[in-house]
Amino acid sequence: MSGARVPRPSRGARGEVRSVYNWERLVRATLQREQLRSSGQGPGGRPAEGIAGAVPPSLVSTNIDHILQAANEIEDEDPNVARILCEQAYTMAQNLDPSSAGRGVLQFKTGLMSVIKQKLAKKDGTAIDRGHDIDILWEFFVRFKRRHRVDDIQKEHERLRETGTFSTEMGVRAVQMKKVYATLKALLDVLAVLAGESASDGVGRLVRKIRKSDATLGGELMPYNIVPVDAPSLTNAISFFPEVRAAISAIGYPSEFPRFSANSQVPQQRNKDMFDLLEFIFGFQKDNIRNQRENVILALANAQVRLGLPDELEPKVDEKAVTEVFRKVLDNYIKWCRYLGTRIAWNSLEALNKNRKVILVSLYYLIWGEAANVRFLPECICYIFHHEAASNNNGKAAHSAWRNYDDFNEYFWSPSCFELKWPLKDESSFLRKPKKWKRTGKTGFVEHRTFLHLYRSFHRLWIFLFLMFQIKPLVDPTKVIVELNGLQYSWHDLVSKGNRNALTVLSLWAPVFAIYLMDIHIWYTLLSALVGGLLGALGRLGEIRSLDMFHKRFESFPEAFVKNLVSSQMKRSIPNRLPAQDSKDMDRDHAAKFSPFWNEIIKSLREEDYISNREMDLLSIPSNSGTWRLVQWPLFLLTSKIPLAIDLALDCKDTQTDLWNRISKDKYMAYAVKEVYYSMERILLSVVDGEGRLWVEKLFQELNNSISVDSLVVTITLKKLQLVLSRFSALAGLLIRDETPELAIGASKAVHELYDVVTHDFLTSNLSEQLDSWQLLARARNEGRLFSKISWPRDRETREQVKRLYLLLTVKDSATNIPKNLEARRRLQFFANSLFMNLPLPKPVSEMMPFSVFTPYYSETVLYSYSDLRVENEDGISILFYLQKIFPVRFSMDFVMRGSPCLTFDVMSGSLPTSIDDEWENFLERIKSTADAVEDNDNLELRFWASYRGQTLARTVRGMMYYRRALMLQSYLEKRYLGGIEDGYSGADYMSTQGYELSPESRARADLKFTYVVSCQIYGQQKQKGAQEAADIALLMQRNEALRVAFIHVEENALADGTISKEFYSKLVKADANGKDQEIYSIKLPGDPKLGEGKPENQNHAIIFTRGDAIQTIDMNQDNYLEEAMKIRNLLEEFNGKHDLRAPTILGVREHVFTGSVSSLAWFMSNQETSFVTLGQRVLAYPLKVRMHYGHPDVFDRTFHITRGGISKASRVINISEDIYAGFNSTLRQGNITHHEYIQVGKGRDVGLNQIALFEGKVAGGNGEQVLSRDVYRLGQLFDFFRMLSFFFTTVGYYVCTMMTVLTVYIFLYGRVYLALSGLDSAISTKARMLGNTALDAALNAQFLVQIGVFTAVPMIMGFILELGLMKAVFSFVTMQLQLCAVFFTFSLGTRTHYFGRTILHGGAKYKATGRGFVVRHIKFAENYRLYSRSHFVKALEVALLLIVYIAYGYTRNGASSFILLTVSSWILVISWLFAPYIFNPSGFEWQKTVEDFDDWTAWLLYKGGVGIKGENSWESWWDEEQSHIQTLRGKILETILSLRFFIFQYGIVYKLHLTGDDTSFAIYGFSWVVLLLIVMIFKVFTISPKKTQIQLMMRLTQGIAAIGLIAGLVLVVALTNLTIPDLFACVLAIIPTGWGTLCLAITWKGLVQSLGLWDSVREIARMYDAGMGMVIFAPVAFLSWFPFVSTFQSRLLFNQAFSRGLEISLILAGNKANVQA
């Protein structure tokens, strides 16, 4: 047989095989390769394989994919049955779409037919009788069911569930049975179809009988969310919980209700309930009924379990639980009725029985669940908004011109709303578009776009500031200036006659008053830093802020953990152990309870690759659950302690007590000595028997007696201690290996050697002789029986003890640097620190408050694809290369300075690693692969590893699913503690966590308490397009069985008239047993829900799928950690705690910004953000009580907020910062917002300057819109005075003060320029000596400190001091200054000022996608110019022009030094605003990049615009886009007024020319305009370019003559008149701002200019200005790029927090390709 040749298939067969192979390759390429592999983290999470994974979207709603999946499963077992299933699937597809019109249907049919032909080819020509297919299929069905013992397993599961016990084995089996059930269901479906077509009726009857009677198949496969209400499920334990059974009973149909009509449908697998009645009466959608049925069941069940578990045979919900839910859900409705003075829908609460309360709650939830966008209108149960929303012109219309959500909702704040009647009257004025003269139907507030809102909302503040303003130093110089007469002006004075020098006084007072308006903000910043630091210290923040502190205090962690994080169920004594007798027993009891949680935390750090395998072993703590009274600590605390103790013993010349006192100075050394002593005794007793065991017992009896009488140093020879331990370590080194005959002989010899050393060398002579003369021992030694047989350690506990003892004896290197990874250190230190903070005590998992986590997602990165990781930028840098070399290497400076080589740990060598293993190496170690092997293959784990280091949805999902993991662990251990898990355990392993993730009860309990919904708005569209994001989201669902994805599905239907009708559905899906999407709910929406900004609607449509009493809002750039998830029970108990007058409605949570290590900019942003989300929020919450909802990850009282408008507001534009309005709404509705810092959540931030600028622009624009909002107005009016001050300066007032910082520069410089150009500064200085400079200097100094971010840094420094220590705080602050953080903060000042001011003036605030990738690419000059031209560059050049004019014509008594002191802050502002984008631009000063940037910029500048040309490609298109914000007449008038400031330059400078002398007549100014017009005409001559050749020649001649004439004219004027060369430069200073002002006016009144035919000329002049501004900025950049060291220094400055990484960075930026080639 070995020589037989395998027959080759025929050519036709080979063609069929090839076609199938090619088609399946195509399918795999389309659906992503990783979807076709097993990748499930959650049980059963395996995606559909082969042809089953290629069902087109139009056929997905059928069970074709399930049939094909079953065919795949049984292919190897019975190919003929698989053929039958495939043929049936093909028939179904053909019947559903005969013409193959659906997308992908034709390819699917073709591929499926190829597969069928391939299966037929395997029959080797044997004829197939399809008439027997049904018999073949039935026989296989029976055989398959019998082989998998389906009936027996069902009976066993039912028996266990009736007893209320759930084993881990049962959970594993249930997961396996899901696939069996799916296969049986598919077989049964095909049998039913074939039975209907078959002439034989025998099999058909059997099939119909099974389908009707066997509810398990249908129940297990029927889609459900959490509770399988509609059908029984044996694989989900949740429906067997007594509280859930009681809740299901509570919604049952009561006998007192009217009977259903005869034509009502009867549920097949459950009893009728109240929801069936509400569906029948009101016509609610079926999936809305199903969704809210589960919601009410969970609400009642969780309310009941907090009162106690019902223990009756038929459990019932207590009346108190129902009333609690009723009061919470209908609280806002009751208050609304009372406010309007109308009668509520029931007579009194006492008159309502339990059933009526339940049905009223159910009715409210059903209305809410189907209300769509009306959920934003909490007082409104009507439908209307869609008809009105279209009138807002996509958000561009003025807010006063259309009704938003608030306008509609506030209509229901008045009794007049009852005039609408019910059903609504169509003729009601409320439902019709208002006439213009009726102010467009605004109810009580109109959002006019004006700065006056700042006064209207906070008028008490401004009155207070005006009343308190008094600056004594300014009074005397003001009196002098007012009394000055006969001042000589150097220009033609138009406004100053007879007004007693009012403008001069204004120029003196204005900058001082502007700074005065900021004084409260400055004082608030300082005081908040001090108060926040004090509160943090009182809250015990920063107590454990170093690894040394962490090590020293580790001994106290177990007790603190048990006190604060362990529920009352686990605080009782340990089973099978005597009650604690003393503190040592208590310590060990605490350590035993602490160890499983700690080890799970360490395991999670290993899974995240922050630590290595060796570090995991060193950090893990023994179970401490045996019979020892000694506490066993992690090895990282004990390593190297034994060698040090031996050294102390060798030097000992005192008593035993003295020696022990020296050892006990290091408590962990004492622990190590005790453990070694007791371990040696236990191990020796376990490995020897007979006379050898008697010797061990006698030896340790003598030693113990010596210790008890303080004579140990007399009993033993301390000098020989090292020898004894070396012999024992040799024995332990053998015992940790697997037993072999050779090792057994070696172990026997090792024990003999140990015996000889102990007996003859270690013990004193008397004891040695006593043991030698022991007859029993001597006889065994002489006969060769002593230690001849060694019992190898068998049980896991003993083996671990031997290994642990071996390490204690052999590891000589200190583990004080463990863990080495800085992120691992930070997390463990914070977790340990939080154990000593003030935490509410947690309830058991069964009694805790249930909650949901909610993440909105649009189209951001879900998971990096392999191509994403490998694609290279222009420098040859890929994301993978970047992550390998830079990002993961987290290290500390002491290791850098050591420069130790990297060593691997060998358990036999006993050496610890002495340098840094980065996360990449840990990853390779975990997956047991090499870098080349991983990178050469499309490795799924590699994709996840990289994605977990970016700001991806995968990272967020992993973090949030830690909540479920923590709850499963806590529930599992609590249940084991009570003996409720049928696994069998002893006192030694009662705290074991093995298999907890598969425990059916723990999983069900976690699902009952935790729900995670990701609202992927366009997931349906992404699936239809076959987008990568859709495949990745599906993969996340497969790996996380509890993950739910909500999305908006759009169905397009062709109408008879040829138009397309769209229907919108809100859907919820999960992954089924085969890894495919399983639709749970589909609720039709009244229309397109996106009427506002998008994100609020994305949250709103999916919030109906959340569960529980609390909801945590998590953005998709966040992370979570297992150790923090363990504290969620404590946090949720805050809702039941006392916090001033009211219970909390929003719990603020601390955030850690994890992107700070990417670059210096990311570090600045991280520090600034960290200060805001910790110290800042701490002070806002208490004592100021003005903390709002500033984003994520706050935890909301779910019921409170969903009955009051939701967790955000959604009106277009004005609610662009939608999150903060949730805080406004909560506060206005008498909520209470607190902040808690014992728990933290990770958060990503923007890491590049452009990303940061876009983000700050979005936030500043959002604050500009908040100024106009009714929420800010009402809070400003309703707060008491001091709370109002706090609210103002911590919200919109912060941006007002930021804007004032910049305006102060303008006010000061324009005042100085006015004095300089008018000639008054020298005259006044001569007569009055300019008194009052003291106040002005103080004001300018304050402005400068604010500008460079000093006051911003004060809270940051306080946070550093509190949590890092004083020295690290000083070092960090100095480092930030060296990395030019002052430039960054000054630049950010301009960003916030521009967008805040422009939003209030013109509107135009909009969401800006910042991107969340790794910033490793160089930003081109043109891109930076487009982004910052109007926000920074123009303003900086204006300030520079003011400074030049001031230094040219101003008067300073002390000359240049006085000028420098007065204007240094302004020059820093100019430099920062002009060059920060290039200082912080990767490779910003690399010569080659600079050349390329210049070519790109000139091409962009000269490229003509047109229809469809984007601004990034053409200057003309960009220029048009920059003007789009000027829309209204009011905005045009304001722009005109602001533009007039540019004409002061020309007016003043022309009178300063030598040419004009002392003449101040107005004619001179008029003549300057003639010159200006002449210059414009000359410019027009030089820029015109006619198309005809003859005219071109003429124009060239004309341009040449004009050029010669211009030069000649200038020479003649200089030679024949008083015009000088400096005058020419002065003319340039005058013309440039005048031309810019004229341009601004032309742009403002664009329509008028176009009608005059001048628009093309205006555009060309504007192009010239942009070219000039660009050259002013580009020239210094190009000059510095000549010097290579500048680029190197910039790379270190930009990317380097520790200079040791600078060289690596610069090499990367120089190009990976170049490095590889080198």
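Placement of Cβ uses the backbone N, Cα and C atoms for every residue, glycine included.
Marked as domain '1,3-beta-glucan synthase component FKS1-like' by TrEMBL: 355-425. Looking just at the domain '1,3-beta-glucan synthase component FKS1-like' (355-425), the mean pLDDT is 69.
Under the heading region 'Disordered', TrEMBL lists 34-54.
Among the features that TrEMBL reports, transmembrane segment is placed at 1284-1309 (among others).
For 1344-1362 (among others), the entry in TrEMBL reads transmembrane segment.
Look at TrEMBL and you will find 1369-1389 (among others) tagged as transmembrane segment. Tertiary neighbourhood of the transmembrane segment (1369-1389): same-chain residues 1160-1161, 1163-1164, 1167, 1249, 1252-1253, 1256, 1298, 1301-1302, 1347-1349, 1352-1353, 1356-1357, 1360-1361, 1432, 1468-1469, 1471-1473, 1476-1477, 1479-1480, 1693, 1697, selected by CB-CB distance under 8 Å and a gap of 6+ residues from either end.
Annotated transmembrane segment per TrEMBL: 1433-1452 (among others), in sequence order. Non-local neighbours of the transmembrane segment (1433-1452) in the same chain are 1302, 1305-1306, 1309-1310, 1312-1313, 1315-1317, 1321-1322, 1325, 1390, 1394, 1425, 1458-1459, 1462-1463, 1466-1467, 1469-1470, 1473-1474, 1545, 1548-1549, 1552, 1626, 1629, 1632-1633, 1636, 1669, 1672-1673; each lies 6+ residues outside the stretch with a CB under 8 Å from one of its CB atoms.
Feature annotation from TrEMBL assigns transmembrane segment to 1459-1480 (among others). Sequence-distant contacts of the transmembrane segment (1459-1480) (same chain, six or more residues past either end, CB-CB distance under 8 Å): 1160-1161, 1248-1250, 1302, 1305, 1308-1309, 1337, 1340, 1343-1344, 1347-1348, 1380, 1382-1384, 1386-1387, 1389-1390, 1419, 1421, 1424, 1427-1428, 1432-1433, 1435-1437, 1439-1440, 1442-1443, 1446-1447, 1450, 1452, 1672-1673, 1676-1677, 1690, 1693-1694.
As annotated by TrEMBL, transmembrane segment applies to 1562-1585 (among others).
With a threshold of 8 Å between CB atoms, the same-chain residues lying at least 6 positions outside the transmembrane segment (1597-1617) that come near it are 1555, 1578, 1581-1582, 1624. The transmembrane segment feature in TrEMBL is assigned to 1597-1617 (among others).
Within the chain carrying the transmembrane segment (1623-1645), a Cβ under 8 angstroms from the stretch's Cβ atoms is held by residues 1434, 1438, 1441, 1444-1445, 1448, 1523, 1526, 1532, 1535-1536, 1538-1543, 1545-1546, 1549-1550, 1552-1555, 1568, 1571-1572, 1575, 1610, 1614, 1654-1655, 1658, 1661-1662, 1665, all 6 or more beyond its ends. Residues annotated as transmembrane segment in TrEMBL: 1623-1645 (among others).
Taken from TrEMBL, the feature transmembrane segment covers 1665-1685 (among others).
Long-range contacts of the transmembrane segment (1562-1585) within the same chain, counting only residues at least 6 positions beyond its ends with a Cβ under 8 Å from a Cβ of the stretch, are 492, 1546-1547, 1550-1551, 1556, 1592, 1595, 1598-1599, 1602-1603, 1606, 1627, 1630-1631, 1634-1635, 1657, 1660-1661, 1664.
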